[in-house]
Amino acid sequence: MRKVMLAEKAGFCFGVKRAVDMALLTQKEYNKKIYTLGELIHNNDVVDKLKDNNVYPIGIEDIDNLKENDVILIRSHGISEEIYKILLSKGLTVINATCPFVTKIQEKVKKYNELGYDIVIVGDKYHPEVIGINGWCDNKAIISKQGENLENITSESKVCIVSQTTEKLENWEKVLKEVKNRAIEVISFNTICNATSERQKIAKDLSNKVDFMVVIGGKQSSNTTKLYEICKSNCNETIHVENSGEIPENILKNKNCVIGVTAGASTPDWIIEEAISKMSENQISNETNNEMADAMKFIAENEGKIYVGASVTGEIIQVSEKEVFLNINYKRDGVIPKSEIDDDGKDLKELFTVGDKIVAKIIKLKDADNYVVLSVKELQREQGYKEIKEAFENKTTLNVVVKEDVKGGIIASYKGIRIFIPASHVELFHVDNLKEYIGKSFDVAIIEYSTKKRQTKIVASRRALLSKEKEKVEETVWNKLEEGQVVEGEVKRLTDFGAFVEIEGVDGLLHVSEISWGRVEKPADVLKIGDKIKVYVLSVDKENKKLSLSVKKLTENPWNNVEEKYPVGSVVLGKVIRFADFGAFVKLEPGVDGLVHISEISHKRIAKPSDALNVGEEIKAKILEVSSEEKKIGLSIREVEE
């Protein structure tokens with residue numbers, strides 16, 4: 001039984017399809033004969049179909065015969081800079097259908113040629129694409145197919161190397177290796193089109209599995225010829241045909257074989273389908289997908305659906321470093337620049353895959369390269385405004401990312417929409433450095449959403465959410481706090497009258513008098529912000545949200561049994577800790593101080609305590625009196641002096 005297997009990625013590539021669509025569109029717009037500089041693509045059947053639609057190829061020698069305002073279309077292979085300037089100087093209407101990937105190569109060689117680099121092009125020197133590229137570097141490029149013509153490159157050469165988009169990868173690697181062996185400074189751009197390399201790999205794999213391999217495409221088509229060479233190296237029974245009429249009888253009569261089919265980038269679907277149908281012994285249906293008819297049908301059916309602001313669904317047909325190209329079922333393909341997709345610098349080839357469907361918003365009907373310009377960001381923004389308004393009306397939250405700090409607050413982003421957050425709404429406390437929040441994401445509540453003179457003002461608050469969260473936490477903590485509990489807290493603030501200690505989000509006051517049994521002048525003398533300390537809960541006032549704490553309650557009152565510890569008449573050692581006009585205070589133990597009256601300091605008459613004593617001095621004194629109720633101990637230094 002005969003089996004026909006069609007390779008994936010066979011047929012029209014992105015650049016070729018774009019050129020054909022542009023030719024048909026241009027003819028429709030101008031409604032007169034349109035000229036293409038050279039055959040638009042290397043496929044005789046397509047060229048004939050274009051002629052049927054009043055699109056005719058001419059040679060460079062025919063340019064002088066054109067009249068002002070005649071319309072000429074540059075084919076997908078591109079042309080030299082010199083010829084491009086000639087077309088413009090003649091007053092012609094020039095439509096540039098150069099494949100965008102070829103245009104980028106032209107830009108690269110022009111740039112590096114002007115920077116003094118030797119340009120090397122890997123490819124066929126007679127191919128129109130290579131001729132055109134060479135024309136953008138003053139026709140000075142070294143053209144090498146398999147490593148030849150590189151004799152003038154030396155170790156002192158600065159080289160920029162690019163490739164014909166349809167070149168075989170093995171040729172690129174061979175020439176690149178040779179260039180790097182000769183020159184030290186080499187800038188290389190592998191400009192082989194992804195579609196080309198994928199098509200070649202798939203064709204190579206398929207040719208290993210079949211009895212016959214049929215490669216369909218124009219005999220002048222470079223990429224088709226390379227497909228033939230690749231397949232022929234694996235399958236000896238490989239043939240190159242332009243259409244179904246060239247398929248030989250030995251294949252058609254073989255009833256028991258597997259036939260592989262691939263096609264060059266210039267081969268439309270309807271030619272491929274004719275060939276498959278013939279080899280499969282099926283009649284061609286009247287509903288055969290005709291590439292030309294489809295293109296014209298899309299022009300008619302979708303004209304009214306494409307306008308700035310409309311949302312469209314497209315199928316990804318190509319992904320480059322800077323753009324994503326879509327088939328949007330319209331006379332022009334769509335393009336999404338990277339700037340309209342993502343701000344985070346991600347690789348587009350990691351985000352998108354050829355064949356995926358994507359929805360985007362139209363922001364321009366036609367750019368310089370004749371694409372419909374689309375934006376994912378604008379679609380997200382449109383949806384974002386709806387979600388922000390709903391969040392404002394329903395009092396729900398949104399997660400935003402902080403982008404920059406501005407006067408009076410910060411700017412956050414939600415789906416590309418700027419949202420202002422006042423500085424006073426960032427935290428529950430004052431923030432000195434708002435730059436610390438750049439790049440951070442958090443939930444916010446929308447507190448203002450208004451539109452005036454076509455401008456939308458959006459203000460959000462994080463503090464409102466933090467306040468609600470704090471209230472919930474505090475409510476739980478207040479319900480479990482009781483007098484007499486011992487809990488752990490963190491010192492958050494210090495004042496002259498005490499320290500504020502946070503316990504699971506609730507602030508309590510540790511009064512200066514409750515820090516120690518001894519005298520504390522200032523809380524900062526014994527505590528610092530951030531200290532983790534255990535505290536005793538003195539009182540809990542849930543209604544007024546007041547919490548009183550104590551540290552000294554965690555230790556025994558040193559005045560208990562003081563009469564037994566310090567009997568009257570005993571002599572003790574102590575340290576002078578401070579002076580008063582009437583005497584000196586002496587520390588006997590933590591929390592217990594005694595007073596030496598000025599009259600009990602010395603046998604000599606002194607005007608003030610500091611005349612005889614120094615703060616920090618160790619002294620010996622006699623206990624004159626003790627009162628635990630009044631917390632007083634009277635001392636005398638004079639009575640122990642000899």
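Every residue gets a Cβ built from N, Cα and C, even glycine.
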Write down the one residue from Ser163, Ser266, Ser277 that Swiss-Prot lists together with His42, His77, His127, Ser221, Ser222, Asn223 as binding dimethylallyl diphosphate.
Ser266
Candidates Cys137, Cys160, Cys193, the one Swiss-Prot lists with Cys13, Cys99 as binding [4Fe-4S] cluster:
Cys193
Restricting to the recorded positions His42, Glu129, Cys193, Asn223, which ones have a CA within 10 Å of the CA of Thr165 ((2E)-4-hydroxy-3-methylbut-2-enyl diphosphate binding site)?
Glu129, Cys193, Asn223
Among all the protein chains here, how many other CB atoms are within 10 A of the CB of Ser222 (dimethylallyl diphosphate binding site)?
26
8 Å Cβ shell about His42, His77, His127, Thr165, Ser221, Ser222, Asn223, Ser266 centroid, (2E)-4-hydroxy-3-methylbut-2-enyl diphosphate site members excluded:
Ile41, Pro128, Glu129, Thr166, Gln220, Thr224, Gly264, Ala265
Cβ contacts of Ser221 (dimethylallyl diphosphate binding site) (under 8 Å, same chain, 6 or more positions away):
Ile41, His42, Asn43, Gly264, Ala265, Ser266, Thr267
Specify the nearest of the recorded positions Cys13, Cys99, Glu129, Cys193 to His77 (dimethylallyl diphosphate binding site), where nearness means the distance between Cα atoms.
Glu129
Around the Cβ of Ser266 (dimethylallyl diphosphate binding site), the count of other Cβ atoms that are within 10 Å:
32
I'd like the Cβ neighbour count for Thr165 ((2E)-4-hydroxy-3-methylbut-2-enyl diphosphate binding site), meaning other Cβ atoms within 10 Å of its Cβ, all protein chains included.
30
Give me the CA-CA distance between Cys193 ([4Fe-4S] cluster binding site) and Asn223 (dimethylallyl diphosphate binding site), in Å, as a whole number.
11
